[in-house]
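Feature annotations, courtesy of TrEMBL:
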- 31-172: domain 'DDH' (DOMAIN)
- 252-328: domain 'DHHA1' (DOMAIN)
Ligand SMILES: [Mn+2]
């Protein structure tokens, strides 16, 4: 990559793209906002934050995601949640389709078919592995969350961030930064700005990140008890992994399942952490990858059909667990 294209692609070279998206938002007759499957608080918070502003401006807008059928319980108190409609209620045709936090078209699930009926598709994201499947791709790989991209977009648009919008954007910011562990210059300034609207940051964080039913504890005990350390993986950098079996999932929510990797990844003997999640009974696995410093897990995940960020990525796989583990070890090199 040349210095010039780096400059254009980098964080500060995106201003013309923000202006183009603002022009589209200002003239759209109808908007569909699509979040990714198995939604997290960044995709829902970003989608709702943007949708609240569109509604405020009198622009018809719906928000949706393909699966699962229910909104994750921890996100149901987000302002504007009533704007989320089931996939069947997403119009076939729309003037402007916005995807939020979706690194590839596959992350839209069954709703990918709505791309064909959109006048213009805009991809709003921060995944470095983004495949740029929109007509306009506003991808800031330096942004800590898609919520940060939305905040900058609203600033470019001249639309104020009120308390409800701030609540939604804070939800994305606090979760994607791991409660402000993974930050950069500007992260805390944005957080301060959002908190200054009067939102209860502690309550939002506790609701999204620190609230689990008791059944979470025995599940953790079983899953962590199965963890394996592979010190020789990746030329001695080390891999630690654990598997959440379908039988372990029970009635637990995605919030409990997704929390496992945050414990596994703390293992000091391993540069890379993986959690294999068997969310259905048929040997279909969703895999979360994390790394500390040296391994780009977005590259590893992309090689296995997924994507993500340098230190946090994921993919899906099918087959018996030993085969799925062997495929990861092979991809790690
Ligand atoms: Mn995100």
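Backbone N, Cα and C define each Cβ position, glycine as well.
With DSSP classes pooled into helix, strand and coil, the tally for the domain 'DHHA1' (252-328) is 26 helix, 24 strand, 27 coil.
Broken down with DSSP, the domain 'DDH' (31-172) shows 60 helix, 28 strand, 54 coil.
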